[in-house]
Amino acid sequence: MKSYQNEFIKFAVEKRVLRFGDFTLKSGRMSPYFFNSGLFNSGASLARLGRFYAQAISGSGLAFEVLFGPAYKGIPLVTATAIALMEKYGRDIGYAFNRKEVKDHGEGGKVVGTPLKGARVLIVDDVISAGTSVREAATLIHAAGATLAGVAISLDRQEQGQGKQSAVQEVEAQYGIPVVSIACLDHLIRHLEEKPEMKEHLDKMQAYKKQYGVERVFNP
């Protein structure tokens, strides 16, 4: 685990985005942790989150020309990431996002921001649960004459969905692209291993991974 990944986990705990305990997920599955990126809800926290995304993206080596944020959660994320890539790495990357409703006046269309045609596009989102927003974004990107280069998310839960694959693995297999995450389940476990006072939570996380976990293919 890289130092920035450990810092991200500490940051997420501090903001109560990441909590350890007993939680029931939408799927009905019992989970020993809960991750709610909506609590990154201030200017300072969003700016810092953008820097973590920029670090993960830059470290991945992915080639792209445009960032894309799926509405609605992806819009502040893609904006913060574009700013961080400029401020931290000197990369002035265009960004775009989609509307949920089509406008018939003004600039019109479903995509707002940098034109996508001919570009390699990296989607920036919070997590991939069912993969719905990523698939919708991929359809828009391809319809605009662009190429999907990959997806960047904050946390990869590394757990099976309905089948043996995780939602992340399903997206990677369907589109033949890598999904980059700031952190993943393995990193959460390593973080807890360094905290003896969190042993009860560590045991639950390890048991959860044993029951539902999948290995990451792209895990820098």
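Including glycine, each Cβ sits where the backbone N, Cα and C put it.
Binding of orotate is annotated in Swiss-Prot for F34, F35, S129; the matching candidate from R51, R99, R157 at the same site is R157. Highest Cβ count within 10 Å among the binding-site residues K26, K73, K100, R157: R157. The orotate-binding residues named in the record, F34, F35, S129, R157, extend over a maximum Cα to Cα distance of 13 Å. Secondary structure from DSSP puts T132 (5-phospho-alpha-D-ribose 1-diphosphate binding site) in a helix. On a Cα basis, K26 (5-phospho-alpha-D-ribose 1-diphosphate binding site) lies 14 Å away from R157 (orotate binding site). Reduced to three states, the DSSP call for F35 (orotate binding site) is strand.
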